[in-house]
Structures are given as structure tokens and as C-alpha cells.
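Residues or ranges marked as domain 'G-protein coupled receptors family 2 profile 1' by TrEMBL: 36-114. Residues annotated as domain 'G-protein coupled receptors family 2 profile 2' in TrEMBL: 130-381. Summarising the annotation, TrEMBL assigns signal peptide to 1-19. TrEMBL lists 133-155, 167-186, 206-223, 243-264, 284-308, 328-349, 361-380 with the feature transmembrane segment.
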């Protein structure tokens, strides 16, 4: 069925956006509905009535046993709520020859747009492109973030509270990128494996690590916002005093949340690979802290922008309106990836809202966020560039001096060898030792 194939493709790639696998919820719902329908068929198998249409499962809905001539209407399957709020109906006639085809078709009755202009193979290729995008994005982020941490670690000049916070944020992005690759490798390396029904220690560990990295990343984005707000609000700040509170928020809060989530999963919802949100209560244990971090950072973002606007309006700041606007626009664009403000777009909407847009914003842009953060905090930082330039010039100067010293040593050694050689020749031609060859030696010298 083409519609089910398109549903599966769409929901499979939704997994990277929402950190879970909604397609498993669909498959689970269909599986349970089919089991109930088969049980109903089994219970009715002993009945010997004529001129009836038996209970039938059509792959999406269970049609009840009715007499010939009746028209049956059923509501759209429950899983369509992931895509639409419309409650349509599908009809079938019971005839002497059995059930007729359902009408109108499920996509039309249930308001599911199955005609997207792409064939299944093209749709598969379309979503596969997104997989290549986020793979390239996370790989680029990994390389740039590791390089940035090395730079901040090697140069003692950059050892300060501000950069320690940046390094922890970099580490959270590294964990997030690594978790995505690990999760894909464990759950989706084998295309023939049904990850919706697998329940192994390795897959559960991969999901727990993935969820922890997501939480840690959001909370370190929150720490960056809190630190920025503290710098703007307080004139004199004891950075060391607040640093350990930042550590507690950045790593302690995710650890506490994940411990609560894991224990709840073990004792109340221990099925599958823990990558579903069938029990919404359990899912909100993770969802609420993330929404809290996104909301607080958005408030901080708005507050910082308002402070910048006020400062740009003061007479002490020179320039015209256009230059002020450019400064404000630049600051705004810089703060968006640094505080993760783009997550606010879909944070408080239902999970089935704007799936295509989510793919672009949260999957495409989100995978490159670590690269942008490393670029803005490290590689485009004036202090970092100046220090790297100074160190390169020093290395170049030391290499040049070393080359000159080696060249002088080689030149001196060559002159000494030539001088010793000439002395040896003269010694050989000394009149006391070889009188007969004296004239030949003189001529050769």
C-alpha cells in the first residue's frame, strides 16, 4: 500500500527531529488493532450464519460482521491523529460476493495528502538526502568542536571561566553528535531488523545516552544564556563563585532527569527499546525540562536584544540609524545559534505540526549548530586569532633561526674540512718526508 509506505518514510525521518520514533507508535497501534480483529474473527468462526460478511481486517481498520445489504461506516484509524485533526469516515458495502472496496479512499476521507508529487522511490531518495545532510552536519561539528577544545586547552591564555563554560558547551555538542551516530548504528544499521520490537541492553543504552546528550546540550545552552544575562545585569561578577552552579545546572540537572526517566521506564514502561512516546507521562519527564530550557533562553534572548536596542539609542553610541540596525541584526543572528533560539519555533506546538519545516530547521540547521558555535566562540574570536597568529609567527621565526644556525654550522664544518685537507696535502709534500716529489706537490697546491 503506497500510503502506508509514505507514512513509514515520513515517520522514520521524523525520529531525528523528536528524538523518538513515532512510526513505532503507528506500527504498535496497527498491530494491537489487528490482534483484536483476529481475536474477534476467531470467536466468530464457530458461527454458521449465511448471507453475512465476516469480520475482516483490511490492513488499517477492522470491519465488523454484518448482514448482506448493509452499508458500514467506520471512523478513520487512530494513528491519523499524527497528521490531521479531521475525523473522517470510510464506507463499505456488504454484498453477496462479500465486502466491496472502501470508499472514499483512506487518504481522501482522513485528510492525508498522499499525492506529494513524488513516487515512493523518489520520496525515499528525498529523505535519504536529509540523512546525508545531518551526517555531514554532525561530522563537521565534531571536527570543529574538537579543534576548538584543543585550542582552548593548549593556550593557557584562554584558561578562564568564560572559556570553561564554552568548552562544556562544546563537549555537550560532541556528545550529541556522537549519540546520533551511535543510535543510528545500533538501531538502524540492519535494515531487516524491526527496531520497533527490539528490546536489548545495547539499544536501550544507546537511547539513554542519546536522550542524556540532548538534555545536556539544551541545559548548557541555558547556562550560556544565564552567563550572558549575568554579565549584562551585574557590574562585578565573581565568576568562580557562579561557575560551580553552572556545572550543577549543565550536568547535574540532565543526570537527575535521566535517572528519574530510566527508573520510571524500568518499573512502569519497560518494553521495546525505550525510543517511543506511547506513555506520554513518561515522555514528559524529558520533554518538560527541555521546554523549560528553551523558554528561559528565549526570554533571555529577548531581554538581551532589548538591552542592545537601549544602548544603541544612547547619544554616546555614534552612527546613524542604518548602522545601528546592522549592529542589532548582527547581534541577533549571532545569538540565535548560541542560545538555540530557533528551537522555540516548534517547541510548544504538537509533534505532528509542520513536519517538513521541522526537517529543515531542527534536523538540517540543528546538525550544523555545533559548527556555528565553535566558529563564533573560537575561530572568529579576535583574541584567538591574535594568539594563533602570534604563535605561528613565533614558530616561523624559530624555524628560520634554526635553519640559519644549521646553515652556518654546515658552512663552518665545510671550511674546516677543506683547511684540514690542505694541511694534509702539504704535510705529505713536506721536503723532510718526500724530497723527490716536492715540485709536483707545489704545482698541485
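Here the Cβ of each residue, glycine as well, is placed from N, Cα and C on the backbone.
Note that the coordinates shown come from a computational prediction; the quantities given were computed from them, not determined experimentally.
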Chain residues in Cβ proximity to the transmembrane segment (284-308) (below 8 Å; excluding those fewer than six residues from its ends, i.e. six or more beyond): 19, 211, 214-215, 218-219, 221-222, 225-226, 228-229, 232, 253-254, 257-258, 260-261, 264, 327-328, 331-332, 335-336, 339-341, 343-344, 347-348
Intrachain residues whose Cβ lies under 8 Å of the transmembrane segment (167-186), provided they are six or more past its termini: 16, 134-135, 138-139, 141-142, 145-146, 148-149, 152-153, 202-203, 206-207, 209-210, 212-214, 216-217, 219-221, 223-224, 246-247, 250-251, 367, 369-370, 373-374, 377
Number of helical, extended and coil residues in the domain 'G-protein coupled receptors family 2 profile 1' (36-114), per DSSP: 18 helix, 23 strand, 38 coil
Predicted model, mean pLDDT over the domain 'G-protein coupled receptors family 2 profile 1' (36-114): 82
